[in-house]
Amino acid sequence: MASTETRRIDKEKTCPGLGLFYTMLSALFFSVASLFLKKVEDVHSVEASAFRCIFQMMFVLPGLIYYKTGFLGPKGKRVFLFFRGLLGSGAMILLYYAYQVMPLADATVITFSSPVFTSLLAWIFLKEKYSPWDLLFTLFTITGVVLIARPPFLFGSKVAGIEGSYADHLKGTIAAVASAISAASTLVILRKVGKSVHYFLSIWYYAVIGLIVCVIALSVMDVWTLPHCGKDRFLLILIGLFGLGGQIFLTKALQIEKAGPVAIMKTMDVVFAFIFQILFLSHLPTWWTVGGALCVVASSCGTVIRKWRKSSKEAKQTEI
């Protein structure tokens, strides 16, 4: 059974560019899901996150049974899996909130800063090297976020190109940054866990803990209601399906392609966000947003390329 799966992955590896194509499909699916979230009118972001978790559980459960991984994982890894689930689901909830209160492209760009925060957290907690280049990329990322947030004490009281009030825009910015940091923390935990835990088990913790957090939050806020509009219910189903599809294509891409090229191709998330915002939301991004996007994308790509080249050199030295 395992050998059949290995042969299938090896066969896919012989097709040049297939992993990058899967990555582009993943970016497209995630972007479509975020677009549908912007179109939903009467559903709280936490409730939309709960639906996403339910779809994740429906997908992962057969995989856990098929691979016989169990539902709790190894005893020594359960604490890490718990925090992976808590931080991962927190990143999703915060991202969904940011999508609802600020322009789609702005939220996408800020959350794309995750690789830069990953390097910083890996230096703090995993004692990985943090070079001057990493510091420069971090400063560029902060500059990009400031250009998108456009605080009044720097840009004046009249801020153009935002949705709703500036207070909501600022809340969305904070949520997007917190989402990026939470996602980076998740990656650091996954590095700590390594390959000793099956990928399906990691997603299972993400979905189960995320659903529990969403149910508790919705109960406290007293906003748990099914959408009155049939269109919103349909969009919630599509958000779950497209989010799941994006996760599947990203997983397949990482199985047959190196992490560096996949991370660079994920810049298509930003491209699709700008396209969808202009075509379907009739919201033209400002030049400040474009400048911020360039800073964040350049920093993230620079971080990924440096890590990729470093790991490639270490792999070659090991072979020698």
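Here the Cβ of each residue, glycine as well, is placed from N, Cα and C on the backbone.
As recorded in TrEMBL, the features of this protein are as follows:
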| type | residues | note |
| --- | --- | --- |
| DOMAIN | 18-149 | domain 'EamA' |
| DOMAIN | 171-303 | domain 'EamA' |
| TRANSMEM | 20-37 | transmembrane segment |
| TRANSMEM | 49-67 | transmembrane segment |
| TRANSMEM | 79-99 | transmembrane segment |
| TRANSMEM | 105-126 | transmembrane segment |
| TRANSMEM | 133-153 | transmembrane segment |
| TRANSMEM | 173-191 | transmembrane segment |
| TRANSMEM | 203-221 | transmembrane segment |
| TRANSMEM | 233-250 | transmembrane segment |
| TRANSMEM | 262-281 | transmembrane segment |
| TRANSMEM | 287-305 | transmembrane segment |
Paired segments the transmembrane segment (233-250) and the transmembrane segment (287-305) in contact, 3+ CB pairs under 8 A: no
Tally Cβ pairs under 8 Å between the transmembrane segment (49-67) and each listed stretch (20-37, 133-153, 173-191, 203-221, 262-281), then give the stretch with the top tally. 203-221
Please count the residues of the domain 'EamA' (171-303) that DSSP assigns to helix (H, G, I), strand (E, B) and coil. 112 helix, 0 strand, 21 coil
On average, what pLDDT score does this prediction assign to the domain 'EamA' (18-149)? 86
